[in-house]
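Colleague: In case it's useful when we look at the structure, here is the feature table from TrEMBL:
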REPEAT    184-218  repeat 'PPR'
REPEAT    286-316  repeat 'PPR'
REPEAT    317-351  repeat 'PPR'
REPEAT    418-452  repeat 'PPR'
REPEAT    453-483  repeat 'PPR'
Amino acid sequence: MMPPPSRLLALLTAGNPPPLRRLLQLHGHLLVSGLLSSQSPFGPRLVSAFALTDLASPRPLLHALALLASLPSPPDSASPYNSALRALSLCAHPHLLNRHSLPLYRALLRSGSARPDHLTFPFLLKACARVRERLYSGRVVLAHVTRLGFNSDVFVVNAAMHYWSVCGSIADARRLFDESPVRDVVSWNTLIGGYVRRGLPGEALEVFWRMSEEGTVRPDEVTMIGAVSGCAQLGDMELGKRLHEFVENNGVRCTVRLMNAVMDMYVKCGSLELAKSVFERIDSRTVVSWTTMVVGHARLGTMEDARKLFDEMPERDAFPWNALMAGYVQSKQGKEAIALFHEMQEAKVAPNEITMVNLLSACSQLGALEMGMWVHHYIERHQLSLSVALGTSLVDMYAKCGNIKKAICVFKEVPEKNALTWTAMICGLANHGHADEAIEHFRRMIQLGLQPDEITFIGVLSACCHAGLVEEGREFFSLMHSKYHLKRKMKHYSCMIDLLGRAGHLDEAEKLVNSMPMDPDAVVWGALFFACRMHVNVTLGEKAAMKLVELDPSDSGIYVLLANMYAEANMRKKADKVRAVMRHLGVEKVPGCSCIELNGVVHEFIVKDKSHVETNAIYDCLHEITLQIRHTTKMIDIFATGIV
């Protein structure tokens, strides 16, 4: 039996609305009993109750919108519209935001009986900051704010600042802040957070110190999260310590979120010890707390400690798995990253886009094409959108795993490409010997107005080197500094020296070596040495070889190559002398190493290695293959003898 109307009304206006199932029963009762008449207060209250219950699910919100549209007469206040706009602004489903935000506001304007109030615009502007055509929709709404006289309301101004900081010009957000006659803590926090979000930590901290000096509004934990995050972007340890002291000395509430931000700041400033001291003082650690420490160890390359922390976590979502996987990738431990992904699958944790990017990076390191193709199929099967990051990782993986045709296909399919996507394609084409295509892509990238970086130039210089395009190489090497003001690194010099040397311009190559702003490394001297050997310039070759020996006296390769160069130049005595030096120093050739991928697992082998679990089966198989080869060779000899 349903309660009387007065009790129903109290139930609908309570702070916490009833659950959806109960609301649906109430809706049915109100319909049957005729309590949803044109003059009834039940309709608007029921709309608000539907909109405010179970924000994680779209179903109550859809009920609220449908009910609002079907009421016998429009509500006489903005309250139900505001409730629905609030739910939309918090909604996790973009298609609902795009479809309903502005139409709902238009319905409010057209209702004739209700008018937008000071609560309408904060919810509406928050929704506008998330819709697809957010710049257009937000500007329309802001024009209405001014027309309806709400541009001096602090709640509306704060919402407008947030909108500009997310979608438009941060300068417009600052203008609104400076012109606002009243500022509360949200005003300051919105501007500080906006600067941090835009990667302008200096401006964020300038606003924070101004807020502290003025003293009219006390910083709270949200203020400090913004300031500490800005410090993390700067990587300024001393400033970070000052901000931490400010928190402790000014009575700021040390919430877990704030302590997580402080830990993250210490990690990014390079002090894992200080981050650990904060971590140990947190009573109720969240997944973010643990993940931050995992990231800290991963950044330092202490992967055993990162793994130990990961295993101690009481609960894990996708983020700590991704953090540990990224650490393995950064430490060049691709096998461990792939093994961790298999563990993630066994734990039934759903991977996301970041997981796929990490996994593809691991495949790129190992040349694990089979696993990379599986990842690609997974992306397609689960209909993950081909974002810039995911598309770039796929292009890079296919190129590094040897399938340049597939890399080109994926590159063409990526809907949005940035400079990194083009760079991955250029480097892939260069490494596969497609020099003309690599240079063509580079020129196209420039035409599109994208800014090449140091890696882009490594790719295009490598392309020139592979194809012997000396003039083009000189052009790009010059462009790097003259037009794009990029600092040439060792790799750029080694590419250019290799290009000049292979083309026989040994004098120019030597001059470039001597003009380098840093000491040449083994790669640079090696490129010059190989060029000298190719063009039989023993004098310069000896000089390059001696530099290589100075850099690494234990490297057997350079002794062997130097001896071979002497032998090729009929300088037998010098060749024998080098071999004698090798014997005297006890220098041995480094054993070869190879790897093979089978069923998504990468196996490594070293010469005479017997550490693999299947060693006996492997050597039995090799023995069988050897016998087969001997038998085949014998049959060929018999067949050949018979013909003769």
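If you go along the chain as it appears here, the first residue is 1 and each next one adds 1.
Every residue gets a Cβ built from N, Cα and C, even glycine.
Because TrEMBL annotations are produced automatically, they should be read as predictions rather than curated entries.
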Colleague: Looking only at the repeat 'PPR' (317-351), what is the model's average confidence as pLDDT?
Modeller: 95
Colleague: Under 8 Å between C-beta atoms and at least six residues away from its ends: which parts of the chain pack against the repeat 'PPR' (317-351)?
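Modeller: Answer is 287-288, 290-291, 294-295, 297-299, 301, 303, 306-307, 310, 358-359, 361-363, 365-366, 368, 371, 378, 600-602, 604.
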Colleague: Can you work out which residues elsewhere in the same chain, 6+ from the ends of the repeat 'PPR' (184-218), have a Cβ less than 8 Å from its Cβ atoms?
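Modeller: For the repeat 'PPR' (184-218), the nonlocal Cβ contacts are 154, 157-158, 161-162, 164-166, 170, 173-174, 177, 226-227, 229-231, 233-234, 239, 246, 250.
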Colleague: DSSP says what for the repeat 'PPR' (286-316): how many helix, strand, coil residues?
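Modeller: Residue counts for the repeat 'PPR' (286-316) by secondary structure: 24 helix, 0 strand, 7 coil.
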